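As structure tokens, the structure follows; a few thoughts come after it.
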Amino acid sequence: MEANHQRNDLGLVALTMLAQYHNISLNPEEIKHKFDLDGKGLSLTSWLLAAKSLALKAKHIKKEISRLHLVNLPALVWQDNGKHFLLVKVDTDNNRYLTYNLEQDAPQILSQDEFEACYQGQLILVTSRASVVGQLAKFDFTWFIPAVIKYRKIFLETLIVSIFLQIFALITPLFFQVVMDKVLVHRGFSTLNIITVALAIVIIFEIVLSGLRTYVFSHSTSRIDVELGAKLFRHLLSLPISYFENRRVGDTVARVRELDQIRNFLTGQALTSVLDLLFSFIFFAVMWYYSPKLTLVILGSLPCYILWSIFISPILRRRLDDKFARSADNQAFLVESVTAINMIKAMAVAPQMTDTWDKQLASYVSSSFRVTVLATIGQQGVQLIQKTVMVINLWLGAHLVISGDLSIGQLIAFNMLSGQVIAPVIRLAQLWQDFQQVGISVTRLGDVLNSPTEQYQGKLSLPEIKGDISFKNIRFRYKPDAPTILNNVNLEIRQGEVIGIVGRSGSGKSTLTKLLQRFYIPENGQVLIDGHDLALADPNWLRRQIGVVLQDNVLLNRSIRENIALSDPGMPMERVIYAAKLAGAHDFISELREGYNTIVGEQGAGLSGGQRQRIAIARALVNNPKILIFDEATSALDYESEHIIMQNMQKICQGRTVILIAHRLSTVKNADRIIVMEKGEIVEQGKHHELLQNSNGLYSYLHQLQLN
């Protein structure tokens with residue numbers, strides 16, 4: 001009845017779903033009590049206020065249909081008649097719209113005409129604010145401004161050194177002018193010696209200061225690089241599990257590797273070229289003093305460089321985007337192939353995999369070649385402008401010298417000064433590919449750094465967990481347009497109780513434990529531990545007090561001891577050995593040559609499947625968690641290993657709440673209570689013998705299948 005009542009207020013339903021999309025839990029009844037004061041449903045103003053109270057940033061806008069592909073989705077399409085719906089995706093190629101019908105509780109694909117018929121032009125855009133956990137500010141080029149301010153003293157020193165370098169660059173042409181116009185004409189050898197010594201001193205200072213500037217600048221940018229790299233990794237590990245499940249491993253690795261492009265840009269010559277370019281106005285003033293006509297030629301060339309860059313840049317950026325996509329595909333395929341090498345060899349599909357790799361590699365090389373060709377065309381265009389300006393200046397300068405308006409020394413000095421102006425422009429133009437590449441890299445890296453971290457609405461870090469668990473009216477799906485996984489699940493688990501959960505594949509058993517670990521926030525309802533809502537709890541605090549053993553566990557390339565004591569490297573050896581004995585792992589570990597110091601290899605490749613599983617069980621037990629989850633933990637074990645675990649099960653379960661998920665019913669038959677799930681709902685519960693008495697029940701049916 002409560003769900004039906006909520007379904008009548010589509011605004012509240014939409015708010016619940018959008019909050020869940022951003023990993024924020026809410027109590028619909030509490031929102032209704034606070035903001036639906038007249039009982040007629042949430043108005044536009046109250047909806048925005050309710051979103052703000054949930055740490056969501058909501059904005060009401062009016063947007064034409066033709067521009068909907070530019071907005072951040074999913075968004076709420078607000079209707080004056082109250083029949084709101086969610087806009088999930090816009091397919092501009094086929095003029096189709098993926099929406100979510102809140103009344104029918106199902107996704108819909110609408111054609112252009114169908115969407116125009118129901119769209120009234122009003123949208124509510126929803127994004128998550130920075131959480132209490134701490135979310136990085138939006139990552140783009142502006143991210144580097146605070147970093148530059150932080151090291152402003154060092155950058156100020158670099159600026160001062162640059163000023164002196166420009167002064168030296170200004171003095172050198174004057175020396176040449178004096179030599180050409182004075183020394184050679186008057187045969188002044190003593191003056192020549194003085195100028196030569198002075199020029200040598202200037203050159204030495206210029207070399208030393210230039211090297212010093214490069215060193216100081218590289219040192220500062222390296223610090224920024226370290227900060228960015230550290231924040232990137234911390235942020236990556238703070239992202240919700242859904243981020244990784246929705247992306248290929250290779251894609252994520254490829255985005256993280258974009259940090260190398262930013263690093264090369266920061267430590268390269270591009271930024272020092274920008275500093276040199278800033279001093280060009282001083283050179284222009286001196287050049288104007290020599291010859292306004294020649295200076296106008298130089299000034300006239302600058303728009304040519306800019307226009308050429310404007311012409312090349314969009315094409316180059318598109319090709320760089322394509323190159324990145326091909327590279328990410330290759331990275332993902334390579335990671336997938338290496339990870340699945342046992343399957344590839346077992347099925348003898350290496351030729352097919354090689355053929356796929358060859359095609360993808362050829363596509364990447366072709367894309368990379370197109371980038372190189374376009375970059376070469378861009379650089380040659382810059383060279384053409386430079387050579388053309390040089391020819392014009394030579395012709396015009398010679399005319400000015402012949403007419404007596406300019407001396408030979410002044411012409412030489414002018415050309416040297418113009419070289420100081422044009423050189424950083426040319427370097428920047430030639431490095432334009434790097435500018436474009438680093439822009440792509442910042443965007444790609446922003447996909448990681450701008451993704452919201454796991455959020456919680458309070459600072460709830462409770463004392464040690466006791467073990468009471470409660471699922472209240474849980475409704476959950478992994479995506480707004482995905483099917484419902486859990487539907488109106490209610491379950492109470494008492495402290496110290498051993499619960500078995502069984503059911504067909506896809507019935508929602510593992511999803512229930514993922515909600516308990518707060519990997520996801522339910523769309524509706526609450527998950528409570530000791531009466532406290534997990535939506536308000538710090539995920540790290542929670543997970544440190546829950547032990548989890550999965551069917552496929554990952555071991556790190558470290559020693560057995562380090563893997564068991566992963567959460568506390570300084571843990572006493574006695575605790576490690578005790579946990580290993582409980583898990584039935586101590587005997588086989590003792591037989592190894594290095595014992596607990598044996599390196600297990602990448603993902604535990606040096607051990608058998610049963611040995612890996614027992615070490616994973618020991619790792620889950622070593623912290624003495626009050627809640628223990630076995631998700632098909634014994635299904636990969638041989639019967640002897642499983643027998644050892646089951647013998648110790650009474651000790652393992654003592655003093656803690658245990659949830660056993662299994663397809664093999666023999667694993668759960670001694671549980672205090674067995675929960676039977678089907679299509680996201682609890683259909684039966686009771687002890688083993690009680691469930692068998694219901695011959696028409698699902699548990700009895702599964703039991704009969706296993707007996708046969």
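Residue 1 is the first one shown; counting continues down the chain.
Cβ atoms here come from the backbone N, Cα and C positions, even for glycine.
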Report task. If Swiss-Prot is the reference, give me the range from 137-157, 389-409, 410-430 marked as transmembrane segment. Result -> 389-409
Query raised in the report: What is the average pLDDT across the domain 'ABC transporter' (469-704)?
Result: 86
Requested in this report: Provide the number of Cβ atoms within 10 Å of the Cβ of SER507 (ATP binding site), excluding the reference atom itself.
Outcome: 22
**Report entry** Within-chain partners of the transmembrane segment (159-179) [C-beta distance under 8 Å, separation at least 6 from its ends]
**Finding:** 191-192, 195, 198-199, 202-203, 205-206, 209-210, 212-213, 216, 272, 275-276, 279, 282-283, 286, 407, 409-410, 412-414, 416-417, 420
Query - Shell of the ATP site beyond GLY503, ARG504, SER505, GLY506, SER507, GLY508, LYS509, SER510, same chain only (C-beta within 8 angstroms of their C-beta centre) - result: THR511, MET677
Query raised in the report: Among the binding-site residues GLY503, GLY506, GLY508, which residue has its Cβ surrounded by the fewest other Cβ atoms within 10 Å?
Result: GLY506
Query raised in the report: What does DSSP say about LYS509 (ATP binding site): helix, strand or coil?
Result: helix
Query - Candidates SER505, SER510: member of the binding-site residues with the richest Cβ shell (10 Å) - result: SER510
Query raised in the report: Ranked by the number of other Cβ atoms within 10 Å of their own Cβ, which of the binding-site residues ARG504, LYS509 ranks first?
Result: LYS509
Query raised in the report: Should GLY503 (ATP binding site) be counted as helix, strand, or coil on the basis of DSSP?
Result: strand
